[in-house]
Amino acid sequence: MLQRFFATALAIFVVLLGGCSATSGLQAYVDSYDGYEFLYPRGWVQVQVEDPVDVVFHDIIETTENVSVVVNTVASTKSLEELGSPEEVGDRLLRNIIAPSESGRSSALIAATSQKADDKTYYILEYAVTLPGDGNTAQQRHNLSSIAVSRGKVYTLSVSAPEERWPKVEDQFKTIVSSFTVY
């Protein structure tokens, strides 16, 4: 009787502990054609997009929270390091893509780091973006991106949320970004 109680308690503990993993509540997205994969939250829905955006998922309740992957062909670039340091790539991304001067958006690079996984270099960028609007309607957003080069293409996975939601989603979004793999 006592053994059965401990066995049952242990089984319940293992099941509950498994739900506490960093990837709980996430599911895999695999694009074997373009050669990348990542985790995204269960219950998020895929949105129709146009090139160069390859895929977008967003929350069905907090629709402004999203994850996207952009794939661009790059002539003669064999490695991410050839594009510059993490800070240089981050500055160019913000200046030319995220918040070009004519867009009315502003941006600030918060952090830029480099990490290696499976012989690939990934630049991890954290940045803030202010969308246009007057003082009351301008929206502050918080973003994380992972950038990698593989097979003559630059892959950029980005997650984004309103700044006021960032503390709630930060850990999950960091897990999503770190799950991004190109091959």
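Cβ coordinates are placed from backbone N, Cα and C, and glycine is handled just like the others.
Feature list (source: Swiss-Prot):
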| type | residues | note |
| --- | --- | --- |
| BINDING | Asp31, Asp34, Asp54, Glu164 | Zn(2+) 1 binding site |
| BINDING | His58, Thr63, Glu87, Asp91 | Zn(2+) 2 binding site |
| BINDING | His142, Glu163 | Zn(2+) 3 binding site |
| LIPID | Cys20 | N-palmitoyl cysteine |
| LIPID | Cys20 | S-diacylglycerol cysteine |
| SIGNAL | 1-19 | signal peptide |
For Glu164 (Zn(2+) 1 binding site), the one of His58, Thr63, Glu87, Asp91, His142 that lies nearest, given that the binding-site residues are compared by Cα:
His142
Cα distance, Asp31 (Zn(2+) 1 binding site) to Glu163 (Zn(2+) 3 binding site), nearest Å?
30
Using a 10 angstroms cut-off on Cβ to Cβ distances, just flag whichever of Asp31, Asp54 is the loneliest among these binding-site residues.
Asp31
Quick one: pull the CA-CA distance for Glu87 (Zn(2+) 2 binding site) versus Asp31 (Zn(2+) 1 binding site), whole Å only.
28
From binding-site residues Asp31, Asp34, His142, the one whose Cα lies nearest His58 (Zn(2+) 2 binding site):
His142
Cα of Asp31 (Zn(2+) 1 binding site) to Cα of Thr63 (Zn(2+) 2 binding site): how many Å, rounded?
23
Please tell me which one of the binding-site residues listed here (Asp34, Asp54, His142) sits closest to Asp91 (Zn(2+) 2 binding site), measuring Cα to Cα?
His142
